[in-house]
Amino acid sequence: MFNNSSKIVFLVILMMGTLISISANSWLGAWMGLEINLLAFIPLMSDNKLMSTEASLKYFLTQALASSVFLFATILFLMNSNKTNSNFLMETMIFSTLLLKSGSAPFHFWFPNVMEGLSWVNALILMTWQKIAPLMLISYIIFKPLIITSIILSSLIGALGGLNQTSLRKLMAYSSINHLGWMLAAMYDSNLMWMTYFMFYSFLTFMMIFMFNMFKTSHMNQLFTLSFHSKTMKFFLFFNLLSLGGLPPFLGFLPKWLVIQSLTMNSQLFLLTFMVLMTLITLYFYMRLSYSAFMLNYYENNWMINSLYNSIYLMTLITYSFFSSMGLFFLFSLYFML
């Protein structure tokens, strides 16, 4: 693996690529930013492990395909900008490649497989930062027939795909696909709406991956048997999981509530009903996971391991988990006091 200095260089280039892409005033400039971002992320993904090498290759091939089609469609779009009848095809091609880059359905096929081969830190980058540029570009060119299709399929596949998963990385990947459906729906109302949703989603995803990385868990059965040496840790983990699913008392419900309100105002009732039903399915497998961990008997250690309690990680974990579970009540209190 690279030493830390080269990691930092690639991370800075990765961030620069995204910033170039979202601040570009032409499609070619956006394409250049996406390419810089891609080429900086590949070295960060490549570990000495076989799985991460395979994941980086899959990621490179899909993103290179998307980039080449995006460049081709952009050039055609610039050549035929005066002809209105060909714009439909160009917009469809550009929009499809951006959906492929973000991992939205029906172009999600690469996303769970790539996630499976990554470390938790790289998985966090892929699920949060790497979505900023494609989603920002999608918000510039909202193509109504395709975005509705993508919203419905992302909600459906994100819900049903996670039902039979035992790998936590794939579970988080399908959860991310489901959240992408909500973000695309939030774009209907305004840019501010989907950015707000994205910020909440990033915070909750960071919280979950922070805990998975801290306890070195990769599969569901590890969540049950480890017990994290403390019942408090277990409660924090599953509170965060239910918050990510959008269960009402928790902070994760707030962005979904905002999107529900905006879709209701825009009379998108069928879309709203479908998305809420699919979210109930995601909540079902989160709740199933939580019930299994809390209510069934598992072997646990009788001794305490104090090394975890002496670290700064624990305080960070408790603080973030507290905001994740009680944040909605604080926001309500502030709203009514003001």
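Glycine is treated like the rest: Cβ placed from N, Cα and C.
What TrEMBL lists as transmembrane segment is 7-28 (among others).
As annotated by TrEMBL, domain 'NADH:quinone oxidoreductase/Mrp antiporter transmembrane' applies to 24-282.
Taken from TrEMBL, the feature transmembrane segment applies to 59-80 (among others). For the transmembrane segment (59-80), the residues of the chain that approach it from at least six positions outside its boundaries are 27-28, 31, 34-35, 38, 41-42, 45, 86-87, 90-91, 93-94, 96-98, 100-101, 110, 114, 126, judged by C-beta separation under 8 angstroms.
Residues annotated as transmembrane segment in TrEMBL: 132-159 (among others). Cβ atoms under 8 Å from those of the transmembrane segment (132-159) belong to residues 17-18, 21-22, 30, 33-34, 37, 91-92, 94-96, 98-99, 101-102, 104-106, 108, 174-185, 187-188, 191, 194, 198, 271, 274-275, 278-279, 281-282 of the same chain, restricted to positions at least 6 beyond its ends.
The transmembrane segment annotation in TrEMBL covers 194-215 (among others). Residues 119-121, 123-124, 127-128, 131-132, 135, 139, 168, 172, 176, 179, 182-184, 186-187, 222, 226, 228, 233, 236-237, 240-241, 243-244, 251-252, 254-256, 258-259, 313, 316-317, 320-321, 324 of the same chain sit 6 or more residues outside the transmembrane segment (194-215) yet have a Cβ under 8 Å from a Cβ within it.
As annotated by TrEMBL, transmembrane segment applies to 235-255 (among others).
Annotated transmembrane segment per TrEMBL: 267-287 (among others), in sequence order.
Annotation comment: TrEMBL describes 283-329 as domain 'NADH dehydrogenase subunit 2 C-terminal'.
The transmembrane segment annotation in TrEMBL covers 308-336 (among others).
Here the transmembrane segment (235-255) lies next to the transmembrane segment (267-287) in space: the count of CB pairs under 8 Å, restricted to residues six or more apart, reaches at least 3. Residues belonging to the domain 'NADH dehydrogenase subunit 2 C-terminal' (283-329) score a mean pLDDT of 70 in the model.
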